[in-house]
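The structure appears below as structure tokens.
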Amino acid sequence: MEPFTNDRLQLPRNMIENSMFEEEPDVVDLAKEPCLHPLEPDEVEYEPRGSRLLVRGLGEHEMEEDEEDYESSAKLLGMSFMNRSSGLRNSATGYRQSPDGACSVPSARTMVVCAFVIVVAVSVIMVIYLLPRCTFTKEGCHKKNQSIGLIQPFATNGKLFPWAQIRLPTAVVPLRYELSLHPNLTSMTFRGSVTISVQALQVTWNIILHSTGHNISRVTFMSAVSSQEKQAEILEYAYHGQIAIVAPEALLAGHNYTLKIEYSANISSSYYGFYGFSYTDESNEKKYFAATQFEPLAARSAFPCFDEPAFKATFIIKIIRDEQYTALSNMPKKSSVVLDDGLVQDEFSESVKMSTYLVAFIVGEMKNLSQDVNGTLVSIYAVPEKIGQVHYALETTVKLLEFFQNYFEIQYPLKKLDLVAIPDFEAGAMENWGLLTFREETLLYDSNTSSMADRKLVTKIIAHELAHQWFGNLVTMKWWNDLWLNEGFATFMEYFSLEKIFKELSSYEDFLDARFKTMKKDSLNSSHPISSSVQSSEQIEEMFDSLSYFKGSSLLLMLKTYLSEDVFQHAVVLYLHNHSYASIQSDDLWDSFNEVTNQTLDVKRMMKTWTLQKGFPLVTVQKKGKELFIQQERFFLNMKPEIQPSDTSYLWHIPLSYVTEGRNYSKYQSVSLLDKKSGVINLTEEVLWVKVNINMNGYYIVHYADDDWEALIHQLKINPYVLSDKDRANLINNIFELAGLGKVPLKRAFDLINYLGNENHTAPITEALFQTDLIYNLLEKLGYMDLASRLVTRVFKLLQNQIQQQTWTDEGTPSMRELRSALLEFACTHNLGNCSTTAMKLFDDWMASNGTQSLPTDVMTTVFKVGAKTDKGWSFLLGKYISIGSEAEKNKILEALASSEDVRKLYWLMKSSLNGDNFRTQKLSFIIRTVGRHFPGHLLAWDFVKENWNKLVQKFPLGSYTIQNIVAGSTYLFSTKTHLSEVQAFFENQSEATFRLRCVQEALEVIQLNIQWMEKNLKSLTWWL
């Protein structure tokens, strides 16, 4: 998507700019697609659909008591507050009758208000009269020469606001920010001053930028040729989070100017923007901390700025703090000065050119451990009592930094690299340039309580955020429609780097599992292309989903495999060198690949079939003699005819790889490109079987003819290790997904996993457990307990030998240790063998030692879950959660607490986390997902979400990853039409923006698919079991 450009002549000041009434190709018509932008975390305002004429200052929130009663009644009756008509609202006061024979006399206040309304109405009518005519339909205006496009908005002071687009104009661009902040961590307020050097690219009177929640006290303007500061008028349009600085003189193209804005604001109580919180240290003393989380749209809440990724600039940051605190920002500290009042002012060096969402600063009590790496000082920060848990992160960061510098052939450009573990942080981590922020659990590692999965998590997250220093920071997408360029590349490099320098962690197993789950999401009708047009805040937030991260990275894996690792690296290095410190779009990446391939392959044409279409292909293979007949169509889980894609609407350019019997993987991998609906591959000889999509490096599902499926099933029975563990897991995944679609009998899927008694690798076993667990959950939640029990018994018989071989230790390779965790959790969850007895003995001994006895870290979660089944065990775990300092151990305890079958305990857990009591609100989505995984918690989780929806969307932005997880985690196991209707009715009664959320549509579709799966497979499952 191209950034918004304004190449129109600027009208004289205080007049409406013509450009705001013309639609840009990438701008949504707000008469049809309004942006519902959250103004503050605790005050979300919505305007009625199609209305852009909100006039503030007219007492729009001042309802009479009768009107408030009507509002309450309307909500009780299920009426949508946003869709009520003004006629209904006025009728609430229509029942007030005057005494008989008397005429009511309007008060002076009423007459003044009426006169003001009349003036505003006349102004609006004049504006509309002077604009091009439009006949509005349900869909809005479509013809540019007949449409007003966007109706002129009003500023908060009632004046016309000179800009109506969500995107900022490009008539003025920032060059440098000088930001000074003085936070008060006791009152949770701050004072700020920002001086912005800008350049005018076109003649204009107005400078439009972002600002939300600021009490602006003074704005001055100065041109580069004059040293005289002049007062400037400021207008605010809070609906878009924008302010307009009306300059005292025209800004001339090519000239530089300086704005200075002085303001004050509250430190946010949510997790977005410049936010603060308190925590209790190991001495039970209350401590205060402030940090930032600006991505994607929250820098504007910390300081007025041009808050779009393409508006890159440099930053000089000063922070005034109390002496006991440490202040950090993106760049190294330049100086510290003690002020007259005893406060300290830290000034940081001027930054490199970067986007606003990457700006960061932290104030709190911290300690650090550091190491120099070729002139860059790498430091890991944590609160003082947890500094002993940063050693692994430092060692890992040093190795990864050296690897990325060598691979990208570009040195990390800053003199320091800080990684900070923040006690209360909602995101997993954030890649702020030079100041990476993390949850404690994703950065700290305690060898006594952190499992192999914990170690792998810390390593992956550090790798991901370091990769962002090049992909996202050095080279940045122009707009959020191409977020996948940031997140897809960082995710790909995360796994790629681990395979190179931490090969023992077998991170490919995690990447494979992530691809399986992402493809399940991408097979829904509610999916979206990874490069999608976005405008509103909700749409931007929704781009932060598994498709941007894992589909994006999966496509890069497929491309690397097809082109070769050397060609791929050469293209990536060229891309980074060509676009350093710039803003780019997808075509710039593909152009680099085309340059490296010398146009022998049109990479851009090939990859656009993957980035601009939602979904992925189903490749159907039939072997006849020495030929493979191939066809492609979209893999689509929903079988309803009315939403089936047409056969001609989807076509991908698919790199097809395959291996046959007796062929060595490294020498005999064959690759072809299918860029048509069907094709034929000639084999050198007749073979018994063929496995397409080697190691699942391609982003597609493969369906074989009946005989070919049977040949593969037979091969797994006689010798599964002819195929790689990735391919065995791939076959399990594909056949169960096809069975759900009805392409393969469910019996055949279970026939394929009959070989599992001979399987000893993690990926195939965990994928089989995942697929059968989905079926178990559907059966259990619908009350088919006998069938569910028989299913578990059958799976247990297949894996009985492997389960009995497991020891309750932390011995073995990382992959073996993770397999042990999965197998023992399966056995104890379903009370199979002597698993629960052994776990309970370990728990009792641990509890008797008051939690001081060491437990094997890889089975700790399973032990805690078994122990939490008793009231005494649950209460003991709760006490330990509150008192211990290891985040790794706390997470294991929390999962056990949330796995209880006691609904009172579960409700208390969710409520406590929502309120931030005992459990931080950052844990809430994890708690809801865990509660929703079990019976009867899945019903309770949904009830809790319904009851507290308004509070949830106040704490977390609408469309955010947290809201996505909460909606999915509380509904994904519903499989009845009653629940479908209930979920749909609930969200229909929320705001229109809420119902349109992709995660809501996905939740409804998943419930429909669960119903569809049961209707299609229940009978055959009953017969087979």
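Placed from the backbone N, Cα and C atoms, the Cβ positions cover glycine too.
These numbers come from a predicted model, not from an experiment.
The active site, proton acceptor feature in Swiss-Prot is assigned to GLU465; the stated evidence is sequence analysis. The C-beta environment of GLU465 (active site, proton acceptor), restricted to residues of the same chain at least 6 apart in sequence and closer than 8 Å, consists of LEU419, ALA429, MET430, GLU431, LEU436, PHE438, ALA490.
In the three-state DSSP assignment, the secondary structure recorded for ALA429 (substrate binding site) is strand. Summarising the annotation, Swiss-Prot assigns substrate binding site to GLU295, GLY428, ALA429, MET430, GLU431, ASN432.
As annotated by Swiss-Prot, Zn(2+) binding site applies to HIS464, HIS468, GLU487. In three-state terms derived from DSSP, HIS464 (Zn(2+) binding site) belongs to a helical segment. With a cut-off of 8 Å between CB atoms and residues at least 6 apart in sequence, the same chain places ALA429, GLU431, ALA490, THR491, MET493, GLU494 near HIS464 (Zn(2+) binding site), listed in sequence order.
Residues annotated as N-linked glycosylation site in Swiss-Prot, with sequence analysis given as evidence: ASN145 (among others).
Residues or ranges marked as N-linked glycosylation site in Swiss-Prot: ASN184 (among others). Sequence-distant neighbours of ASN184 (N-linked glycosylation site) (same chain, 6+ apart, CB under 8 A from its CB) are PHE190, ILE267.
Taking all protein chains in view, 15 other C-beta atoms sit within 10 angstroms of the C-beta of ASN256 (N-linked glycosylation site). Look at Swiss-Prot and you will find ASN256 (among others) tagged as N-linked glycosylation site.
The N-linked glycosylation site annotation in Swiss-Prot covers ASN368 (among others). Long-range neighbours of ASN368 (N-linked glycosylation site) (same chain, six or more residues apart, CB within less than 8 Å of its CB): SER379, ILE380, TYR381, ALA382, ILE387, VAL390, ASP418.
ASN448 (N-linked glycosylation site) is surrounded by 11 other CB atoms, counting those within 10 A of its CB over all protein chains shown. Sequence annotations record features per position, and here Swiss-Prot assigns N-linked glycosylation site to ASN448 (among others) based on experimental evidence.
In sequence order, ASP588, SER592 are the residues of the chain that are 6 or more apart from ASN578 (N-linked glycosylation site) and have a CB within less than 8 Å of its CB. What Swiss-Prot lists as N-linked glycosylation site is ASN578 (among others), and the listing cites sequence analysis.
Annotated N-linked glycosylation site per Swiss-Prot: ASN598 (among others), in sequence order. Listed in sequence order, the same-chain residues six or more apart from ASN598 (N-linked glycosylation site) with CB atoms under 8 A from its CB number zero; the list is none.
If you look up Swiss-Prot, you'll see ASN664 (among others) marked as N-linked glycosylation site.
Annotated N-linked glycosylation site per Swiss-Prot: ASN682 (among others), in sequence order, evidence recorded as experimental evidence. Under DSSP, ASN682 (N-linked glycosylation site) is assigned to a strand (E or B) in the three-state scheme.
Applying an 8 A CB threshold to same-chain residues 6+ apart, the list for ASN760 (N-linked glycosylation site) reads GLN802. What Swiss-Prot records for ASN760 (among others) is N-linked glycosylation site, and it gives sequence analysis as the kind of evidence.
Within the same chain, no residue at least 6 positions away in sequence has its Cβ under 8 Å from that of ASN834 (N-linked glycosylation site). Sequence annotations record features per position, and here Swiss-Prot assigns N-linked glycosylation site to ASN834 (among others).
Per Swiss-Prot, the feature N-linked glycosylation site maps to ASN989 (among others); the stated evidence is sequence analysis. Other Cβ atoms within 10 Å of the Cβ of ASN989 (N-linked glycosylation site) number 16 in total over all chains.
The feature N-acetylmethionine is assigned by Swiss-Prot to MET1, with a large-scale study or a structure entry given as support.
Annotation note: ASN368 (N-linked glycosylation site) sits in a strand segment as assigned by DSSP. A simple Cβ count within 10 Å picks out one of the recorded positions ASN432, ASN682 as the most packed, and that one is ASN432.
Of all residue pairs in GLU295, GLY428, ALA429, MET430, GLU431, ASN432, the annotated binders of substrate, the farthest apart have Cα atoms separated by 13 Å. Same-chain residues that are not part of GLU295, GLY428, ALA429, MET430, GLU431, ASN432 yet have a Cβ within 8 Å of the Cβ center of the substrate site turn out to be GLN293, ALA427, LEU436, THR437, PHE438, GLU465, HIS468. The Cα of GLU487 (Zn(2+) binding site) lies closest to that of ASN432, out of the recorded positions ASN256, ASN432, ASN448, ASN682, ASN989. When the C-alpha distances from ASN448 (N-linked glycosylation site) to the binding-site residues GLU295, GLY428, HIS468 are tabulated, the minimum falls on GLY428.
Highlighted in sequence order, GLU431, GLU465, ALA467, PHE471, GLY472, ASN486, PHE489, ALA490, THR491, MET493, GLU494, TYR549 have their Cβ within 8 Å of the centre of the Cβ atoms of HIS464, HIS468, GLU487, the residues recorded for Zn(2+), and are not part of that set.
Non-local neighbourhood of GLU295 (substrate binding site): TYR357, LEU358, MET430, each in the same chain, at least six residues away, with C-beta under 8 Å from its C-beta.
Cα-Cα distances to ASN432 (substrate binding site) place HIS468 within 10 Å, out of the recorded positions ASN256, HIS468, ASN682, ASN989. Here the candidates are the recorded positions ASN256, GLY428, HIS468, ASN989, and by Cα distance the one nearest ASN682 (N-linked glycosylation site) turns out to be HIS468.
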